[in-house]
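K.L.:
Sharing a structure below in structure tokens format, with a few things to ask.
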Amino acid sequence: MQLTNRSKQVSNKEMTFMERAYLPAIATGLGITIKHFFAKKVTIEYPEVKRYLGPVFRGRHILKRDADGKERCTACGLCAVACPAEAISMVAAEREKGEENLYREEKYAAVYEVNMLRCIFCGLCEEACPKQAVYLRHDEFVPVFTDRDQVIWGKDLLVEDMNNRYTREAWTKEEAKALDDKRANGEVTNVTPRPVP
Amino acid sequence: MEETKPQLFKITFDGIEVEVEPGTTIMQAARKIAEADQSQTSIVPPAMCYYKPLPASGGKCRACLVKVAQGSAKDTRPMPKLVPSCITQVQDGMVVENTTNEAVLEARKGIVEFLLINHPLDCPVCDQAGECNLQDFAFEHGSAHTRYEEERRTFEKKDIGPYVQLHMTRCILCYRCVYTADQVTNKREHGVMNRGDASEISTYIEKSIDNDFSGNIIDVCPVGALTDKTYRFKNRVWFSKPEDAHCDCDKCSGKVILWYRGDEVIRVTARKNTWGEVNEFICNTCRFERKKTSDWVLEGPTKVKRSSVISANKYRSDLVKKPDFALKLAATQFKNIDDTREYVTDKDTIRHQSIENNDKANHRSLLNQNN
């Protein structure tokens, strides 16, 4: 009875002289092994070396500021309502006189919290944001928690540091795709990351 | 003399026939169809300025334009231009096309574009977002892009009292608030100043609105031009929980919706019907001063359409499906375990039984193999 048509007839033909000599085959085999010593390694030594995950990888959240250092977020709540895990919560406040250099619009998020245990890093908040304020960093993960207190991230951890601004090669999926295509065609080789447009 | 019964007019709206009384407008005929058949709600023309409880409102925003393909049974010619359905009265045998007519939908796109020309589109900041008629209207009929490149109009900021916040830039000049001030409150205190592009809603010579029913202009406003100052930036509409409530009020009906954040009442509004209209206006005391649950008799959660963003992230226990079927099935198929064997503790007997069982099992597997 034949179950599949993948069975192969085994040939039992006589070996040639070279094959019977045995040593040339050993040498060929060793040659292949030695060749791999000098080839580029496929693996990386993970915790010390990290692989580049592309410009739109979804790591930890960041609340962007604009070029003047004003916070972009206006606490519109679209990220929170888009969030399937209900990880985001916020409290809005009205900007007062003299705070114009801190916040972009007349309303701002006084409290902005992301529960990192709830977050599933789907990036829907990033997509929903009408002010280009919330992004998921492509270069940083959420570190491992050792305590429940570290789970809810407030504005102290989320807001961008102006001395160390967060830059990316591409800010949207479409840009990233276009960049990929260009790279594949060899049109560009190196792109300098830039702050959010 | 024979008593004459009021003759009913038969009109066809988007291919659906309906009989209405003479003097009804096309809009009301369409709403009558939708009220009789819930699935037809989408054929009702949108209304930005028309507000049934406010007589004489309507005819300004042009959002409800429809095509009259046949004027009446006697005069079968179509009307030459699109007509505003909210102020056009029906004729016997009238044939109206709304969603079935391409020209109407195209015109509506243009209306959205015109309304949005001067609208600041600051929805992320605006307190009306989520219950804004203009948002719904633009979402349904407009396009996602603008062709407008010029500067939008701006106004000087004007303080119109402690309760109501005026954002003139958001205003679409529907005049609803003016009619409210005219008809609901007993002395008119605000109106529209200037003309054309420069026209703006204003209290007359900067008088603050201190009428008992002035708060209703907040509910009536289809956009975020008039918003509740006590609710300003408190919360987004879709994060608060609406709850029906009433109280004994000597000035108004006292029927309201309380908007909760946690246990705190952050806003009180009047109740709106299916068409987003307030039938029973409420007084300022109810709206701005009674912000404690103890002031009210609660009636239960407000029914919110599933399509509304206000229903987002709310899981009402009466709407959550319980595993009824599975439980019923399990109940019908449940069988008690029948185990009447003796409880054996004697080691020798157990060993003996286990050998016997082993033999049985071997025998069974042998039988299976042979088959």
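Just so it is clear, glycine is given a Cβ too, placed from its N, Cα and C backbone atoms.
Features from TrEMBL:
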BINDING   A:Cys73, A:Cys76, A:Cys79, A:Cys129  [4Fe-4S] cluster 1 binding site
BINDING   A:Cys83, A:Cys119, A:Cys122, A:Cys125  [4Fe-4S] cluster 2 binding site
COMPBIAS  A:187-197  compositional bias 'Polar residues'
DOMAIN    A:63-93  domain '4Fe-4S ferredoxin-type'
DOMAIN    A:110-139  domain '4Fe-4S ferredoxin-type'
REGION    A:177-197  region 'Disordered'
K.L.:
Whose Cβ, among the binding-site residues A:Cys83, A:Cys125, has more other Cβ atoms within 10 Å than any of the rest?
P.N.:
A:Cys125
K.L.:
Just name the binding-site residues among A:Cys76, A:Cys79, A:Cys83, A:Cys119, A:Cys122, A:Cys125 whose Cβ comes within less than 8 Å of a chain B Cβ; none is a fine answer.
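P.N.:
From A:Cys76, A:Cys79, A:Cys83, A:Cys119, A:Cys122, A:Cys125, the ones near chain B are A:Cys76.
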K.L.:
When you average the Cβ positions of A:Cys83, A:Cys119, A:Cys122, A:Cys125 for the [4Fe-4S] cluster 2 site, which other residues in that chain have a Cβ within 8 Å of that mean position?
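P.N.:
Apart from A:Cys83, A:Cys119, A:Cys122, A:Cys125, the close residues are A:Cys79, A:Ala82, A:Pro84, A:Ala85, A:Ala87, A:Ile88, A:Val114, A:Ile120, A:Phe121, A:Gly123, A:Leu124.
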K.L.:
Please spell out the DSSP helix, strand and coil residue counts for the compositional bias 'Polar residues' (A:187-197).
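P.N.:
Tallied per class, the compositional bias 'Polar residues' (A:187-197) gives 0 helix, 1 strand, 10 coil.
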K.L.:
Measuring Cα to Cα, how far is A:Cys76 ([4Fe-4S] cluster 1 binding site) from A:Cys122 ([4Fe-4S] cluster 2 binding site) in Å?
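P.N.:
With distance taken Cα to Cα, A:Cys122 ([4Fe-4S] cluster 2 binding site) is 19 Å from A:Cys76 ([4Fe-4S] cluster 1 binding site).
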K.L.:
Determine the mean pLDDT over the domain '4Fe-4S ferredoxin-type' (A:63-93), rounding to the nearest whole number.
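P.N.:
That stretch averages a pLDDT of 92.
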K.L.:
Near A:Cys79 ([4Fe-4S] cluster 1 binding site) in space, meaning Cα within 10 angstroms, which of the binding-site residues do we find among A:Cys119, A:Cys122, A:Cys125?
P.N.:
A:Cys125
K.L.:
Name the secondary structure element type, per DSSP in three states, that contains A:Cys125 ([4Fe-4S] cluster 2 binding site).
P.N.:
helix
K.L.:
In sequence order, which residues at least six apart in the same chain have a CB under 8 Å from the CB of A:Cys73 ([4Fe-4S] cluster 1 binding site)?
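P.N.:
In sequence order, A:Leu63, A:Tyr108, A:Ala109, A:Tyr112, A:Lys131, A:Ala133, A:Val134 meet the Cβ cut-off.
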K.L.:
Inside 10 Å of the Cβ of A:Cys119 ([4Fe-4S] cluster 2 binding site), count up the other Cβ atoms and send me the figure.
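P.N.:
So the number of other Cβ atoms within 10 Å of A:Cys119 ([4Fe-4S] cluster 2 binding site) is 21.
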K.L.:
10 Å Cβ neighbour count around A:Cys122 ([4Fe-4S] cluster 2 binding site)?
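P.N.:
If we count other Cβ atoms within 10 Å of A:Cys122 ([4Fe-4S] cluster 2 binding site), we arrive at 15.
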